[in-house]
């Protein structure tokens, strides 16, 4: 396994800073038992009269569902550890656990569902809208493109291979529209949008600002539909998140350009603006630009951080559905933070160099990682080959910075 060899490599075993109590998102006494606030709530609260040892001889922590262990493990430096024993179980839960509730997620431009499991875990379901080999038409603006379920799956694995570990776990899943959405939804607005197509397939379209109409309905075969299932982050009432507008945000206008596209010295003014004027925030943003360039994702207008950790923490790479839309062309403007600032973390640069070598070729590693997904193959071969080509362009950009 190339993937196993990669994770054994010294560059993937650089020690983490020590995690103190204040560096943890949740400070939990592992002897404390957790109960649910009410039958309708998916929030957990500490039970003060907890027994330190359960009759089975296990501590209360051992009995937590996997999603809760994932939440408890989040800290200032990482969303999940490199060698996370929970990961295979968490991905399997997302793909197989019984769905007891499906409701539409509010906000956002395209249809997404929040699905709840019997153990109070929740996942964000993005349904399949187009096939793996459909490229984004050349005349489409980035903001009018479909979101892809397979891009969400591939982005999680790519982020992990790059050792960023800033995307919540995602698994593919084949969902039964009738039994796992229509028959169990309590969402009246969603329920009104189901119909049977002329071909006899079960379809629905929900309510949202784009692509939620009969013409853009999601249809099963006859009621089976692919989608991505992403583990939800802790509820914002328990762990507040801050949303930051990206300095390299696009204009989201058909003819206007953003300031960074017009000003060659744009990075100098970003460097003087908090929070980019100190710490590693700008370098984290450049990491994100590298990830987005490899995926071809032009739609990174905001990013988030956990409020508890202030400015000294990692960026969450959420919402990656507009990646992997094209393999036949690259979008150099995504790399603007890198070539305008001519900065990159040494650790990131060394890992990118490693992923360009034959034993650790990026496309081979991602192909191997994605082969375990229930919906494999996730990416077509041209998309995997495009990754190697784009990685070469990232390294060439850094080379020019070093030479300049």
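Just so you know, glycine gets a Cβ as well, placed from its N, Cα and C.
These features come from TrEMBL:
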ACT_SITE  299  active site
BINDING   110, 126, 147, 230, 231, 232, 233, 304, 319  ATP binding site
BINDING   147, 319  Mn(2+) binding site
DOMAIN    194-402  domain 'FAM20 C-terminal'
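In this record, ATP is bound by 110, 126, 147, 230, 231, 232, 233, 304, 319; the longest C-alpha to C-alpha distance in that set is 20 Å.
Taking the C-alpha positions, the distance from residue 319 (ATP binding site) to residue 299 (active site) comes to 9 Å.
Residue 110 (ATP binding site) is surrounded by 19 other CB atoms, counting those within 10 A of its CB over all protein chains shown. Summarised as a single figure, the pLDDT of the domain 'FAM20 C-terminal' (194-402) averages 95. Residue 233 (ATP binding site) counts 21 other C-beta atoms within 10 Å of its own C-beta, drawing on all protein chains shown. Its own atom aside, the Cβ of residue 231 (ATP binding site) has 24 Cβ atoms within 10 angstroms in the protein chains shown. In this structure, the CA atom of residue 147 (ATP binding site) is 10 Å away from the CA atom of residue 299 (active site). Checked against residue 299 (active site) by C-alpha proximity, the binding-site residues 110, 231, 233 yield 110 as the nearest.
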